[in-house]
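See below for the structure under consideration.
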Amino acid sequence: MGKIQLGYWILVLFIVTWSDLGLCKKPKPRPGGGWNSGGSNRYPGQPGSPGGNRYPGWGHPQGGGTNWGQPHPGGSNWGQPHPGGSSWGQPHGGSNWGQGGYNKWKPDKPKTNLKHVAGAAAAGAVVGGLGGYMLGSAMSRPVIHFGNEYEDRYYRENQYRYPNQVMYRPIDQYSSQNNFVHDCVNITVKQHTTTTTTKGENFTETDIKIMERVVEQMCITQYQAEYEAAAQRAYNMAFFSAPPVTLLFLSFLIFLIVS
């Protein structure tokens, strides 16, 4: 008799527990398709495709210039002052919070430690002021062959100048892996070149070309890691959000075993 009562209590507890877990909403990550699927090259600067930079929308010298960050006719420059506009890393016009005759108290500016930022990267630390981008974990720079001896040697000798972390948004905000990688490369290279240029170091066209290839491989690695993590979370949620009929069947089996 005592064993039957124990079985009933276990059955009730099991049903209540699984009912609560069944209310959880299953996430629906939207990972994209395979890399370079569809048979076409999405980035026209790769070997075997027409020459040129694969991410031409920013930072590349126009009119035959060689150094990144120099003024371009008719365009804007990262890290350079723009008439009537604002620049990365440059003072912006307008009013500042905490100044003027209304607020006497001014909070201290927080100190940012880059080591702390890198340490939080594994948890997907959100980078402030960059529209919700996260900083990925530090990676070893990939081994890449560029198809000619000069660029291979240049990369080996200068790879320390290139980033070892990427910036990205969650993969469920992109329709495909290609879109994720393209955005990841753009924001990572922009941020790195802007930060480095403000320290007085410029980048040549060769630097930009090599950096894009390196960061692209790192962004692919980051996407794969995010995709696997999202798939694991979806699997766990699917298990705990099983249909009520399945839960009742499992509860009945446990009741029979206990009884």
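Keep in mind that glycine also has a Cβ here, set from the backbone N, Cα and C atoms.
Under the heading signal peptide, Swiss-Prot lists 1-24, citing similarity to another entry as support.
The region 'Interaction with GRB2, ERI3 and SYN1' annotation in Swiss-Prot covers 25-235.
Annotation source Swiss-Prot lists region 'Disordered' at 29-110.
Annotation source Swiss-Prot lists Cu(2+) 1 binding site at Gly63, Gly64.
The Cu(2+) 3 binding site annotation in Swiss-Prot covers His82, Gly84, and the record cites similarity to another entry as its basis.
Taken from Swiss-Prot, the feature compositional bias 'Gly residues' applies to 91-101.
Positions annotated as Cu(2+) 4 binding site by Swiss-Prot, on the basis of similarity to another entry: His92, Gly94.
Swiss-Prot lists Cys184-Cys219 with the feature disulfide bond. Remark: Cys184 (disulfide bond) has Val166, Met167, Tyr168, Val215, Cys219, Gln222, Tyr223 as non-local neighbours, by Cβ distance under 8 Å and separation of at least 6 in sequence.
What Swiss-Prot records for Asn236 is GPI-anchor amidated asparagine. In the three-state DSSP scheme, Asn236 (GPI-anchor amidated asparagine) is classed as helix.
Annotation note: Cys219 (disulfide bond) sits in a helical segment as assigned by DSSP. Around Cys219 (disulfide bond), taking its Cβ as the centre, 24 other Cβ atoms fall within 10 Å, counting all chains.
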